[in-house]
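Trainee: Questions regarding the structure given below will be posed in turn.
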Ligand SMILES: NC(=O)C1=CN([C@@H]2O[C@H](COP(=O)(O)OP(=O)(O)OC[C@H]3O[C@@H](n4cnc5c(N)ncnc54)[C@H](OP(=O)(O)O)[C@@H]3O)[C@@H](O)[C@H]2O)C=CC1
Ligand SMILES: CC[C@](O)(C(C)=O)C(=O)O
Ligand SMILES: [Mg+2]
Ligand SMILES: [Mg+2]
């Protein structure tokens, strides 16, 4: 079934501009939401622990920063933009004690609601505005008069206006300029986790690394391998973004197109598709969530994997080559 899409003219900013909004967290998403809400005329405060590294950044932007508990006590609408694995503790300690009947609790990703880690009193609206973009681009697009698509969902509608209020919030961060899809917490959580694991983050980096390693092992220079497998990826992805797969195929040579359509399916083979189905099943039945919440207790395995990523040869040669291209922003 096709999704419903909402644009600026469908959203009423007044539904959020008469409310006080607390943004908990000031990282990738938090800074983008807080600054764009403020620039859209919304009264906003940022909730951060006293010892948070993010405090100075928010204060430097002229935002009012309080503790999460104080922000929740003050707000009608609370947007949770802290790491997924610590939201349940934050909810118990700083949010739940300050929730009033009629408040709205919002999320930027459905993880904690989908996997039952947070339960919210029934007289509070629960909704989500999930940008389909890294937070730094959410902000950059807003500032440029553009926006990124968002998914909006409602889990609890005590007020009868939970969806309209979430849509107003999405408008305030630029989402309805690009298009907002109505969905559920389950669909957002499962598709978002799948996309980032298999295509956007896990899939693409592994494809790049494997291509780079194959060329270097065969004796080609790391520099040539870097340009071929990583640098040019952006240029190809820009064409996909601007005009879909056909736009990219029409711009590359027939040689590339023929080689791509014959060899691509050998690389992303039936076995790869089977692994994708397995990753999806682990998301759907909660195995991934359980594994990740347990790993986040100490980050033991995760820290090792992060180090392996950082130490890969493609990172070293890339850092050197990018220094010669000052227009490539960090
Ligand atoms: N990154 C992205 O682009 C996207 C993220 N999301 C979702 O947005 C949410 C936030 O993710 P992301 O922006 O990546 O997070 P980040 O890791 O970038 O930032 C987390 C922020 O939360 C702060 N923080 C940590 N603990 C607390 C606490 N107890 N109370 C208040 N603030 C706290 C951190 O402060 P400090 O500096 O002190 O650590 C930091 O400012 C997640 O649900 C994620 O899934 C959704 C779409 C895309
Ligand atoms: C693709 C990763 C993401 O889902 C995002 C930027 O949308 C995230 O969780 O950061
Ligand atoms: Mg995402
Ligand atoms: Mg995500």
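Don't overthink the numbers, they just go from 1 along the chain as shown.
Placement of Cβ uses the backbone N, Cα and C atoms for every residue, glycine included.
What TrEMBL says about a protein is an automatic prediction, not a curated fact.
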Trainee: Pick the one from 135, 145, 147 that TrEMBL also lists for the NADP(+) site with 26, 27, 28, 29, 52, 54.
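Mentor: According to TrEMBL, the candidate sharing the NADP(+) site with 26, 27, 28, 29, 52, 54 is 135.
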Trainee: With NADP(+) as the bound species and 26, 27, 28, 29, 52, 54, 135 as its recorded binding residues, calculate the greatest Cα-Cα distance and give it in Å as a whole number.
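Mentor: So the binding residues stretch over 19 Å, Cα to Cα.
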Trainee: Quiz question: given the binding-site residues 27, 135, which has the greatest number of C-beta atoms lying within 10 angstroms of its own C-beta?
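Mentor: Within the set of binding-site residues, the most crowded position is 135.
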Trainee: Return the residues near residue 196 (Mg(2+) 1 binding site), defined as same-chain residues 6+ apart in sequence whose C-beta is under 8 angstroms from its C-beta, sorted by sequence, else 'none'.
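Mentor: Result: 202.
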Trainee: Based on Cα distances to residue 27 (NADP(+) binding site), point out the closest of the recorded positions 109, 192, 253.
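Mentor: The smallest Cα gap between residue 27 (NADP(+) binding site) and any of the recorded positions is with 109.
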Trainee: Which residues of the same chain, at least 6 positions away in sequence, have a Cβ lying under 8 Å from the Cβ of residue 52 (NADP(+) binding site)?
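Mentor: Correct list: 26.
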